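Trainee: Below is a structure I'd like to ask you about.
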Amino acid sequence: MATIYYEKDADLKILKGKKIAIIGYGSQGMAQSQSLKDSGLDVVVGLRKGGASWEQAKKDGMKVATIEEAAQQADYIQMLIPDELQGKVYHEQIEPYMKKGKILGFSHGFNIHYGMIKPGKDIDVVMIAPKSPGHLVRRMYQQGAGVPALVAIQQDASKKALQYALAYAAGIGCTRAGVLATTFKEETETDLFGEQVDLCGGCTEMVKASFETLVNAGYQPEIAYFETLHELKLIVDLMYEGGMAAMWDSVSDTAQYGGMTRGRRIINEQSRMEMWRTLEEIQDGRFAREWVLENMAGRPHFNALTQQDAEHPIEIVGKELRSMMPWLKQKK
C-alpha cells in the first residue's frame, strides 16, 4: 500500500523565508503560484518577458520576472512549462543559477527520469504532482479543501527534501486531501502509459473505430456519434464517482451483460500484447527519444496526425450535434 501524507505531516513554516519561483503560468503554474501566495509564501513567476502570460500574471497580482531573474532569486524552483521545453530552458536559463542548497521541483518526472535534465548532486530534486487540472487545484484550495497529489524525491542533498516537498504540497492545498509517495520513475512511466493506452490514445481510437464501424454498416452518423462518443461521458462519470462496480449497478442488465461478454472480445490477447509493447517503449526510453526527435524535426508526424484527427467525420457531425446542446454553450 502507498504511503500517504496529510496536513499533520507537513510544516509550511519550513518554506517561510524562502523564495519560490514558478516557471510557467499555464493551468498548473497559475493555480500553484496563486495558492502558494495565498498561503503566505514568497512567490515569483518566471516567464518570457512581454508574452501574454506575463501580462496575465501581473494582472492576477503576482510578482513577475524573467526566467533567469526568477531562477537567480529563488531558493525553490518549480518547473511548470511543457515537457518538451523544459530541457532547453533549464540548461540555458536556470542551470547557471542552481547553487548548492537550492530545490528543483517538478509536477511530472519526464525530464528527470529520461535524463534531459541532470541537476548537480548538491541540490534537492523533488516532485509534487497534483492529480487534477490546475483550475480544480485552485478551486479546491479556495474552498478550503484540496486535490490528491503525488510526492517523489529524486535527490535529497539537504536531508530535508521530503519536508520541503510536503510543505509545498500543503501550500497548494494537497495535504488536505492526501499526498501519495511514489518515485520519478513510477510517476513518469505510469503517467505516459495511462495517456497512451487508455486516457488519450486507446480511448480516442476506440471511439473512432466504433463510429466508423456503425457508419460503414449504414447507420446514420448522428446516431453513431451519440452511441459511441456522446454517451461515453455518462459512463466515465459513473466510474469516476463510484468505480466500475457502481457503473455496472447503474446501467441496464442488458448493457452490463453485453459489455462484460463482448468487451472481453474487444480488449483481447492481441490488445494486451500491444499494451505491454507500449509499456516497454516507455520503460526503455524509446518513446522519450522519439518525442525528443519529433520536436527537433519540427513535429511533422505530430502535426500530420493532429490534422488527420481534426478532419475525421466524427468531428464534423459532432460539431453540428453539440450546437444542439445549450448546456455546452453555457460552459464557454
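Numbers here mean position along the shown chain, with the first residue as 1.
Cβ coordinates are placed from backbone N, Cα and C, and glycine is handled just like the others.
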Trainee: Of the candidates Gly120, Gly134, Gly144, Gly146, which does Swiss-Prot annotate as part of the NADP(+) site that also includes Tyr25, Gly26, Ser27, Gln28, Arg48, Ser53, Asp83, Glu84, Leu85, Gln86?
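Mentor: The candidate from Gly120, Gly134, Gly144, Gly146 that Swiss-Prot ties to NADP(+) along with Tyr25, Gly26, Ser27, Gln28, Arg48, Ser53, Asp83, Glu84, Leu85, Gln86 is Gly134.
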Trainee: Would you mind pulling the DSSP three-state label for Arg48 (NADP(+) binding site)?
Mentor: coil
Trainee: For the domain 'KARI C-terminal knotted' (183-328), what does DSSP give as the number of helix, strand and coil residues?
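Mentor: Here the numbers are 125 helix, 0 strand, 21 coil.
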Trainee: Pick out which of the recorded positions Arg48, His108 has the most other Cβ atoms within 10 Å of its own Cβ.
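Mentor: By the 10 Å Cβ neighbour count, His108 comes out on top.
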Trainee: Just how spread out is the NADP(+) site if you go by the largest Cα to Cα distance in Å among Tyr25, Gly26, Ser27, Gln28, Arg48, Ser53, Asp83, Glu84, Leu85, Gln86, Gly134?
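Mentor: Largest pairwise Cα separation, rounded: 20 Å.
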Trainee: Kindly state the mean pLDDT of the domain 'KARI N-terminal Rossmann' (1-182) in the predicted structure.
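Mentor: On average, pLDDT over the domain 'KARI N-terminal Rossmann' (1-182) sits at 97.
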